[in-house]
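Colleague: Got a structure for you, questions after.
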Amino acid sequence: MLTNIRAFAQQKSRLSALRLVLAFILGASTALSFAPYSLWIIYPIAMSLALWQSESLNPKASFFHWLSFGFGCFAVGISWVHVSMDTFGGLPLPASVALMALLALYLALYPALTGLGLAWFTRTNSHSLWRNLLLFPALWTLTEWARGWVLTGFPWIWAGYSQTEGPLKALASIIGALGLSFIIAMIAGALALCFSKRYKSLLILLPITAVAAWVAPKLSQIQPTGESVKVALVQGNIPQSMKWEPEALWPTLLKYMDLSREHFDADIIVWPEAAIPAPESMVQDFLDNANKVANLNHTSIITGIISRQQEDFYNSLIVLGNHNQKQQDNPDYESDGSNQFKKHHLLPIGEFVPFQALLRPIAPFFNLPMSSFARGDYLQPNLSALGHKVAPAICYEIAFPEQLRDSVNLGTDLLLTVSNDAWFGTSNGPLQHMEIAQMRAIELGRPLVRATNNGVTAVVDENGNITAALPQFETGVLSATIPLVTGQTWFAKIGQTPLLILCGALLLVGFIRRQKQQ
């Protein structure tokens, strides 16, 4: 008898271990849904198989099942994070990979909480339409939303981003990337029910497909204005190892000016994040001359720079050649804080170090150049460039949809994001970053321009399509004429709030149902 019990326990243990391995593999496969692969169909299929596997699990087992799925998703999907740590942060490769794995494990806690909640709410009915088509999407969406702001947030590879090149992307103009995560989870729930031979659940795909293909475009209030703006996006391709070296400052400035010289016919010239790798006061003569050149050629130059206010330093964007009355009276550049954008959402470790007194002595990784920035205001006016209103986001900020949405208004002509993704080499990180920027264009219904140090530098239309781009890791200038549009998308009007209210209401219903069942 004892032998039989022991054999049964060992078999059950092996099955549990196998389930965790399969969950990890399914999670890892979701990385193929994001750039550069963009195999959008993989995410809902992998999620549906993981959901099907978890149907009969108790809360503890469900937690670890989805923890394994999440760890696979992030360990593979954001494996590029370690590149900056070992290449530029001074950490040995094993240490950088270990830190990346710890980050992936932390991020996996959010899918794990989804699994825990799913099992807790539905212990008596794990095959129901309610569980798969409503409760699971609500839990998944709320945990993804939480991942976007807890501990400053890391809203990378949301499930919704898998649709940036997929057939459902038009829905983002109504419900945003987070709403697409809800839809992906709902589709996964329907597929999981099919594995249990409940085929009628597939009917949920019909209204989703109809809305994506027909209703969403009909609801669009985005219309062309008949006007256009010509832009020139400069990709300097400055080696990251040289970027902050004092002897490289003036060669860098001259390189950007020389590259721009043949494109002074553009309305707006954009240089990337921290293209001028020095405080304004150190390069005042250069700024004065660049301002005069921009005015003489009737163009504007938007450039990344380090600005200073009292004792604080900011990762900023400024506009040279503003053409207002003040500029005409005094052609020199005046650093008065007007027509300037200061980055608000700073990157932990890269731009500020939490517990810096403790962490900075540990390794060079915690002493990266310019890792002591102050935070700009959450809401700042659009930049004005030759009469055009530009809503900016610097690097990491483009991943936060509500922040950019709050900056866009009916008068906004362009979305602008600048970045320096040289930290991540030839990895998938910069390509995923580009994918996120494309989603912001769909959500807000505005063309987007993206200028980077070494790629991806690109122009995106209001539907999220890349219309022009430079090759990565090359020096060059991308020149494009962009048709302007007007109007607001539904997401620009309402944001994520209705979706979050819906998800919260579904959880409340789930709690009431559970209480009644007890």
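Numbers run from 1 along the shown chain.
Yeah, the Cβs are placed from backbone N, Cα and C, and that goes for glycine too.
So Swiss-Prot says this about it:
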TRANSMEM  22-42  transmembrane segment
TRANSMEM  63-83  transmembrane segment
TRANSMEM  101-121  transmembrane segment
TRANSMEM  134-154  transmembrane segment
TRANSMEM  174-194  transmembrane segment
TRANSMEM  202-222  transmembrane segment
DOMAIN    234-484  domain 'CN hydrolase'
ACT_SITE  Glu273  active site, proton acceptor
ACT_SITE  Lys343  active site
ACT_SITE  Cys395  active site, nucleophile
TRANSMEM  492-512  transmembrane segment
Colleague: Can you tell me which parts of the same chain pack against the transmembrane segment (492-512), counting only residues 6+ beyond its ends and a CB-CB cutoff under 8 A?
Modeller: 117, 121-122, 134-135, 137-139, 141-142, 145, 175-176, 178-179, 182, 401-402, 405, 408, 443-445
Colleague: How far is it from the residue listed as 'active site, proton acceptor' to Cys395 (active site, nucleophile), counting Cα to Cα, in Å?
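Modeller: Pair distance, Cα basis, whole Å: 7 Å.
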Colleague: Same-chain Cβ contacts of the transmembrane segment (202-222) under 8 Å, 6 or more residues past its ends?
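Modeller: Sequence-remote neighbours of the transmembrane segment (202-222) are 133, 167-168, 170-171, 173-174, 183, 186-187, 190-191, 194, 445, 462, 485-490.
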Colleague: Take the C-alpha atoms of Lys343 (active site) and Cys395 (active site, nucleophile) and report the distance between them in angstrom, rounded.
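Modeller: On Cα coordinates alone, these residues lie 9 Å apart.
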Colleague: To the transmembrane segment (63-83), which of 22-42, 101-121, 134-154 is linked by the most Cβ pairs under 8 Å?
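Modeller: It is 101-121, which has the most Cβ pairs under 8 Å.
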Colleague: Enter the number of other CB atoms within 10 angstroms of the CB of Lys343 (active site).
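Modeller: For Lys343 (active site), the 10 Å Cβ neighbour count is 26.
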Colleague: What residues in the same chain, six or more past the boundaries of the transmembrane segment (101-121), come closer than 8 Å to it by Cβ-Cβ distance?
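Modeller: For the transmembrane segment (101-121), the far contacts come to 27, 54, 57-59, 61-71, 73-75, 78, 81, 131, 135-136, 139-140, 143-144, 146-147, 154, 507, 510-511, 513-514.
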Colleague: Mind checking which residues of the chain, 6+ beyond the ends of the transmembrane segment (134-154), have their Cβ under 8 Å from one of its Cβ atoms?
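Modeller: Those are 51, 103, 107, 110-111, 113-114, 117-118, 121-122, 178-179, 181-183, 185-186, 188-189, 345-346, 348, 399-400, 496, 499-500, 502-504, 506-507, 510, in sequence order.
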Colleague: CB neighbours of Cys395 (active site, nucleophile) within 10 A?
Modeller: 25
